């Protein structure tokens, strides 16, 4: 068994997550591809594949239990984070991964092909220019500097009725919450437990205020 697989198994054992053999293989396969492409294309500042398991894989998949609905878009996905790990964990849900940089989307297409992911659609576009045929149950991001930027640039993406924004943040984002636009409110803040990750992680769920 590879060092990556051994480490992944150890990390998963520290959570309540139910991860199949196939999913474990796909998660390791994703990290191997990310490590390989990263050397040429600089897709992430994390260089050590073992560190990627903590900072990219576990940090993404712990969000999965909080995804309500079936159709999600990951905006500013970079090399596919958190979208690819979540798509591996939730084959019954559909994930659209959006980024404006061609090299990132090319990488994601390679991942989709190599791992045989049927529920991922890569999209090269600026988020404010992307007009989906159908709106989303959830708009995910861990890339945006501020939640205000996220909700204003992505305001056209969630479903009118029950669509939400899901922002992955570090420390409790109280300062950011005070700056949110009038039409948007925080419905829940969830403290995330990521094994062996230093620092706090929070998932902030935001929605449109009822008219």
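Using N, Cα and C of the backbone, Cβ positions are placed for all residues, glycine too.
Residues or ranges marked as S-adenosyl-L-methionine binding site in Swiss-Prot: 76, 81, 127, 128, 142. For residue 127 (S-adenosyl-L-methionine binding site), the same-chain residues 6+ apart in sequence whose C-beta sits under 8 angstroms from its C-beta are 75, 76, 98, 100, 153, 154, 157. DSSP assigns residue 127 (S-adenosyl-L-methionine binding site) to a helical segment in the three-state reduction.
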Rounded to whole angstrom, what's the largest C-alpha distance between any two of 76, 81, 127, 128, 142, listed as binding S-adenosyl-L-methionine?
19
Within 10 angstroms of the C-beta of residue 81 (S-adenosyl-L-methionine binding site), what count of other C-beta atoms is obtained when all protein chains are considered?
27
